[in-house]
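Taken from TrEMBL, the feature Zn(2+) binding site covers Cys83, Cys88, His165, His170.
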Amino acid sequence: MALNGFLEFFQREKTFRPKKRFTQGTIRYSLHKQANASLQSGINLKEVVKLPAGENMNDWLAVHVVDFFNRINLIYGTISEYCNETTCPTMSGGAKYEYLWADGETYKKPIQLPAPRYIELLMDWVENQINNETLFPVSTDVPFPKTFPSLCKKILTRLFRVFVHVYIHHFDRIFSIGAEAHVNTCYKHFYYFVTEFDLMSAKELEPLAVMTSQMCKD
């Protein structure tokens, strides 16, 4: 599998939301660099996602949630001008799958929204979670909350829906700019990570199951 140019592509600044960055000198910054170095070296993605010996699982989760948030932001940013209320009146993945938005605060009951509005709210919600130092502690002096793994599951499950929408409704645009290899590698990395740590149910992964079975034969 060729990873040439993968990280260079995802260092671009054209994201749908500003990138979340790690503070130099922190454990998470070191893990982020370690994970990126492994990707750049071309190590098999199934191996890349495994928890390094002696490292804290919650730190490893935090690093990947933030990295996937940044990368999926960029992927959506490349097609966002083609995703509007006319072309995408619902947040769907083909005729069989549709996602309703609820956040328990502003939207207490699930509501149908156009895809761009749904994704905007989703990215705002994720950004708020990872910027909340009570939920995503910055200092090692502050413990992770007991709910941290379940929060990460919820974030990753919702971010996956952006993959579903982009692959099913906008992959022609990804292909036209020559980014399909990078997006596919990002998806495989995401898929291997969530399956390695059982972070998503088979039901949630179902919309891309056929594609995944072909893409992840290795």
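Note that Cβ sites are derived from N, Cα and C of the backbone, with glycine treated the same way.
Note that this is a predicted model, so its numbers are computed, not measured.
Of all the binding-site residues listed here (His165, His170), it is His170 whose C-beta has the fewest other C-beta atoms within 10 angstroms. Shown in sequence order, Tyr76, Ala115, Pro116, Ile119, His165, His169, His170 are the residues of the chain, 6+ apart in sequence, with a C-beta less than 8 angstroms from the C-beta of Cys83 (Zn(2+) binding site). Listed in sequence order, Pro114, Ala115, Pro116, His165, His169 are the same-chain residues six or more apart from Cys88 (Zn(2+) binding site) with CB atoms under 8 A from its CB.
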